[in-house]
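> Quick one: structure below, then a few questions.
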Amino acid sequence: MKKKQHIITKNSTYNINKNSRIICFYTMCNSYHNIILLAKYLKKKREDLIILLGGPQASLTAKLTLETFPWIDIIGIGEGETIIEPLIKALSKQSSISHIQGIAYRENGKVICNPKPNLIKDLDELPFIDYDLVNIEDYDEYVALDVGRGCPYECIYCSTKTFWNRRYRLKSINRIIDEIKHLKNKYNRNKFNFVHDSFVSSKLKILKFCEKILDEGLMIKWTCSARIDNLDEEVIIAMKKAGCTEIFLGIETGSTKLQKDIKKNLKLSRVW
């Protein structure tokens, strides 16, 4: 994609009439409606385009989406890293995709949902994101850095428990530190949003992580998400010393009954 100059950046105009054959979208609930409409528009312009959706929203509604929106061709279900390479290779050769795990597609008018592949066992094996593909200066000063995936809790309103099978995974501390150094040295970035649904679930790991940041003298600022009942004074002090400036907390409701109903089960005494 990089060599073919097929990366579409924010606020850019892209000529789909030139060589491109596959258009991919990452979907979440708040963007889904617009993506469906945009995909329909693109398909009208180029009937030969293959429209591929991935991400939580499309993954959890794959069969319904393909049954409802005929201009959507394929949906990647689950982690895209294990799906996208074999899928693109097969599509490029115009060969069968029936053997590829983790996709939903149509065959003779019928929706086929192949089994999901296993979750990636070691997230450290994933390559660093190649920000040479875009102009990083066009984006927020806080770089989104994927530090892990999944959440051990079972809130009924959240897609995370279904998408990641309630598997809590965290990249190793050394891997996260290496990626921070890479972004600092190559792109001069010193502010990070550590992307993880529940980054602070392990007190031992977060304390070791904060200690490592200080030992390395990284001098960064960062944000993360956490459950309020995973935080205590020791953790908060350590995070602040290590450069944490914001923690995003999901309280959802101040009602004990509703906390139980939605299976959030926060200790509300910690909130007040």
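Using the three backbone atoms N, Cα and C, a Cβ is placed for every residue, glycine included.
As annotated in TrEMBL:
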- 1-98: domain 'B12-binding' (DOMAIN)
- 137-272: domain 'Radical SAM core' (DOMAIN)
> DSSP helix, strand and coil counts for the domain 'B12-binding' (1-98)?
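Split into helix, strand and coil, the domain 'B12-binding' (1-98) gives 38 helix, 13 strand, 47 coil.
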> Given the model, what does the mean pLDDT over the domain 'B12-binding' (1-98) come out as?
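That stretch averages a pLDDT of 86.
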> When DSSP states are grouped into helix, strand and coil, how many residues of the domain 'Radical SAM core' (137-272) land in each?
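Computed counts for the domain 'Radical SAM core' (137-272) are 56 helix, 25 strand, 55 coil.
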